[in-house]
Amino acid sequence: MKVILTADVKGKGKKGDLIEVSEGYGRNFLLPRGLAEPATADNLNVKKAQDEAHARKVALEQQAAREAAEKLKVSPVKVPAKGGAGGRLFGAVTSKEIAEELKKQYGLNVPKQKIVLEEPIKTFGVHRVKAKLYQDIAGEILVQVVEA
C-alpha cells in the first residue's frame, strides 16, 4: 500500500514523503492516527502542487537573499551607539542591535543568531560582519557605527 505521510514517522519517513507500507500497518496504524493518507490520484496531484509551490517559494527566498547580500556589500547598516573620547564605545555593538537595524533600514528579517561577530565591535567606524542570510547563502554586511 502506498501512502503519503502527513507527519514525521520514526523509521519510515518525513512529512510529505510517498512511501510503500504493508496493508495492515497502513490501514490499522498510520491512517487511523492521521499520520498518513492513501496515495490516491487526487492526493498525489495535491502533493505535486504543494511541492511545486514550495519549490517556487524557496527559489524566491533564495533570490531575495542573494539580492540582499549584494545590496549589503555596498551600502552599510548604520548602527547608533554611545561612545566616549578616543572613538571608543560604552559597551559593544551586538548582533541583536545589527539585526534590529537591518529590519528597520532594509526590511530584512535576519535572526541575530545568523549574524557572526568575530570579535565585539567597540569602536566607531565601518566594520565587516558575516551573516548567513539563507540556508546556503552567506554574505558580508558593512556595519557603520555612528554616534547616537
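Every residue, even glycine, has its Cβ placed from backbone N, Cα and C.
The domain 'Ribosomal protein L9' annotation in TrEMBL covers 13-40. Here the domain 'Ribosomal protein L9' (13-40) has a mean pLDDT of 94 out of 100.
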#### Entry: Per-state residue totals over the domain 'Ribosomal protein L9' (13-40) - DSSP helix, strand, coil
8 helix, 7 strand, 13 coil
